Amino acid sequence: MLQVYLVRHGETEWNALRRIQGQSDSTLTANGERQARQVAERAKLLGITHIISSDLGRTRHTAEIIARACNCDVLLDPRLRELDMGVLEMRDIDTLTAEEESWRKQLVDGTPDGRIPQGESMTELSLRMQAVLDGCRDLPPGSLPLLVSHGMALGCLISTVLGLPPYAERRLRLRNCSLSRMDYQQSPWLAPGWVVETAGDVSHLDRPALDEVQR
Ligand SMILES: O=C(O)[C@H](O)COP(=O)(O)O
């Protein structure tokens, strides 16, 4: 049975400052690098064979730390990027105007095709994340891949696999360097296809990690 591990990148400067990143970028903090080393040790013990990462700096840095521990290469895939947050990227979460907050809420309240101006919808995010997950089925038999991505992107993927709307990810905490696992199975008792085995496991971290809204 194919298993695919999912890791959100380590804590970044803007995560700590509660600044919206989206497809903009900020560097890992020292704590974020420490988290990456801890999840890397766990990945090594798991026997990860392939690492596929969002091409943004924070995920690439996290993936490179994991790859060194697992002695494998990193394949960059822009489809694993965080949701494009449009005109709100680089903004401080706590300074949004009421109108700007209404744009953000459209993403997560079920508004059809809800999006931040110049940004991406959760449906578009869900489709590209699913495509990467399904692509893992083309890896050689016996592969154990690990995807490095982002909070909303991974939450949206997990929600989609569970048959929930993409914006259900707002009810799932995927903390920095948390580990999740998807299994592709054909059991007649479970729904055929992907099932969520683990979501948001941080037992490998020795300190509390920030979540999506930097709490
Ligand atoms: O800040 C953002 O854009 C996201 O909500 C969190 O993104 P990250 O998982 O890439 O930190």
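Note: Cβ is positioned from N, Cα and C throughout, glycine not excepted.
If you check TrEMBL, you get these features:
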{"type": "ACT_SITE", "residues": "His9", "note": "active site, tele-phosphohistidine intermediate"}
{"type": "ACT_SITE", "residues": "Glu82", "note": "active site, proton donor/acceptor"}
{"type": "BINDING", "residues": "8-15, 21-22, Arg58, Arg60, 82-85, 151-152", "note": "substrate binding site"}
{"type": "SITE", "residues": "His150", "note": "site 'Transition state stabilizer'"}
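Structure with TrEMBL features highlighted.
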residue	record	Cβ contacts under 8 Å, 6 or more apart
Arg8	substrate binding site	Val148, Ser149, His150, Gly151, Leu154, Leu174, Arg175, Asn176, Cys177, Ser178
His9	active site, tele-phosphohistidine intermediate	Leu28, Gly32, Ala36, Ser54, Arg58, Thr59, His61, Thr62, Val148, Ser149, His150, Asn176, Cys177
Glu11	substrate binding site	Leu28, Thr29, Asn31, Gly32, Gln35, Asn176, Cys177, Ala209, Leu210
Trp14	substrate binding site	Ile20, Gln21, Ser24, Ser26, Met90
Gly22	substrate binding site	Glu82, Leu83, Asp84, Met85, Gly86, Leu88, Glu89, Gly119
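There are 25 other Cβ atoms within 10 Å of the Cβ belonging to His150 (site 'Transition state stabilizer'). Annotation: Glu82 carries the greatest number of neighbouring Cβ atoms among the recorded positions Glu82, Met85 [cut-off 10 Å, Cβ to Cβ].
Trp14 (substrate binding site) falls within a helix when secondary structure is assigned with DSSP.
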